[in-house]
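Undergrad: Okay, handing you the structure first.
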Amino acid sequence: MNLELPTISDGQVEILLSDLLEHYGYDFTGYSKASIKRRILRLYSLDKALSFAEFRYRINNDTFYFKRFVEQITVNVTEMFRDPGFFKTLRDVVLPKLGTYPFIRIWLAGCSTGEEAYSISIILKELNLLHKSLVYATDLNPIVLEKASQGMFAMSQMKQYSENYILSGGTNDFSSYYTANYSLAKFNDELKSKLIFSTHNLVSDHSFNEFQLILCRNVLIYFDRDLQHKVLTLFDDSLEGLGYLALGTKETLDFSPISPNYKRIPGEKIWRKIG
Amino acid sequence: MGTKCDALIIGGSAGSLDVLLKVLPSLDPALSFPIVIVVHRKHGTDSLLPELLSGRTKLLVKEIDEKEPLSAGNIYIAPSDYHTLIEQDHTFSLDYSEKINYSRPAIDATFQTAAEVYKEKLVCLLLSGSNADGVNGLKSVKVWGGTTVIQDPATAQVSYMPEQASLHAKIDHTLRIEHMAEFINLLS
């Protein structure tokens, strides 16, 4: 991004966010300001908006552009087996524990384009647990879910993902999980047989089931403290006793009201519900 | 020099660790502002950097936690693989968006968000490095009235980054390594 001059003020950001809430019911007012402002500025310059007024008018009156706006101001960067050490703990500790249950329900909140959902499927399959698991992968953004449900990722990423997979304890040939299709790697249908992609907005939607494992990594960093507490309470309401909650590398349960009921797996951003 | 400083942000890439190791021991342990250090490093290799640097200074050195407030006299290290942003309420937020200049953390992201927050009371120092990250950030710092400083390219292990800065942004001070600590102490 090359921005030499501030083109949108903090006040104008507030205006856009309240428009979104009023016209479309999307509530971004609890998001961290610096990050969302950068996202908005990025889109403003990417789309070469002529003025703030024009930009605002377009968001409010052009449904297609509004969708683009929501897609672009939320961060959808993700990868397969990101932080391999985390996936290794899932494989070695968490999922084997859950494997003793007759049925495993997992919620992946903020799944974006689905790379983590397919990573989890691969581990479940290798642990021979896929047949009795169901992974609800949700995001507020229908466009990324559409992509996620296709299970096709850039071929150029496969080298990196394969390295991550091996570091996370995977021992199969990673390329056996997809077929190369020009520039895309299409992941085997079996892997998505237990994935349910669906819209869910952590800010405004309620709990919809009870889970034994909830993963929400690198989503809370975009929320202010109040919204973080609200969402963590939603997770607490959606997690069975002895279930696990997994957050991103730089996220924590420490300051939240639910933390007394949780015990952390040492060295990992994974907590078990004990209360 | 009379500059009143509310925050100092130091950005660097290849060849900058050496500079930090030389400068930190001479810093005044009672600095009246926070220092934020954003250096490129490989993801996954731990949090060795805060440990390494804290052995060189009496100031508290810590890796940034998200939502943490900036406090005077502390040295904050940007975590690897996230962008570090600074909020109007003088807290940090972290962001896992696209790499900028092939970098995450990107020095630009921290310089730019800090520029709007601290305005003329911000000082940004760009060290040795092999890409142009930080250059756009320094431009923003000037737009908002802050002070821009670079390592003298002649003293840099990799001179590209400070050279690019001097070509494309208005630079207030160019410092040799041995003058940096004194410069920083005088901002207090």
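The backbone N, Cα and C atoms fix where each Cβ goes, and this holds for glycine too.
So TrEMBL lists these for the protein:
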ACT_SITE  B:S13  active site
ACT_SITE  B:H40  active site
ACT_SITE  B:D133  active site
DOMAIN    B:1-184  domain 'CheB-type methylesterase'
Undergrad: Quick one: pull the CA-CA distance for B:S13 (active site) versus B:D133 (active site), whole Å only.
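TA: B:S13 (active site) and B:D133 (active site) have their Cα atoms 9 Å apart.
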Undergrad: Any idea what the Cα distance is from B:H40 (active site) over to B:D133 (active site), rounded to a whole Å?
TA: 10
Undergrad: Looking only at Cβ atoms, how many others are within 10 Å of the one on B:H40 (active site)?
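TA: The Cβ of B:H40 (active site) has 24 Cβ neighbours within 10 Å.
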Undergrad: Within its own chain, what residues at least 6 apart in sequence put their Cβ under 8 Å from the Cβ of B:D133 (active site), listed in sequence order?
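TA: When sequence neighbours closer than 6 are ignored, B:D133 (active site) has B:G11, B:S13, B:H40, B:I100, B:N101, B:S103, B:A106, B:I107, B:D108, B:M161 within Cβ distance under 8 Å.
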